[in-house]
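The following features are taken from Swiss-Prot:
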REGION    51-76  region 'Basic motif'
DOMAIN    51-114  domain 'bZIP'
REGION    79-93  region 'Leucine-zipper'
REGION    141-164  region 'Disordered'
COMPBIAS  149-164  compositional bias 'Low complexity'
Amino acid sequence: MSVDPLSSKALKIKRELSENTPHLSDEALMGLSVRELNRHLRGLSAEEVTRLKQRRRTLKNRGYAASCRVKRVCQKEELQKQKSELEREVDKLARENAAMRLELDALRGKCEALQGFARSVAAARGPATLVAPASVITIVKSTPGSGSGPAHGPDPAHGPASCS
């Protein structure tokens, strides 16, 4: 088996070039522009060029993945914050709804009592007595500054108030 002196000499020169090339840190490798990187890679073996380019790509991908993880964590925290705010709002509205239902039930009871009283008065006067029509005033109770409910009495579009 004979060794070709030219190929061993070329291999020796390539090794010397590889050994003599300045080692680039990961930060420096990532910070280089493509033009600067290509300038650095001139004169290196194809193996060394491939290795450095692959190393640079791996480092850049790592950075992209890390920033993606950070972004995802921030989005998750923001969504959890929004969820908590919405849950508090739902609880508040449920409490307000329950309070309004109680108030409505109390008003229905008063209305029914008044209607019963009106029927008993009408029955005591007898069937021949005409009862003058009465106007109904609706009082809406709301918390100050809530802005709910009519501002100036009942809505004429909905007709007279009833208990049901």
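Numbers run from 1 along the shown chain.
Just so you know, glycine gets a Cβ as well, placed from its N, Cα and C.
From a predicted model like this one, the values you see are computed outputs, not experimental measurements.
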For the region 'Basic motif' (51-76), distant same-chain residues with Cβ under 8 A (at least six beyond the ends): 24, 26, 29-30, 32, 37, 40-41, 44
Helix-strand-coil residue split for the domain 'bZIP' (51-114), DSSP-based: 64 helix, 0 strand, 0 coil
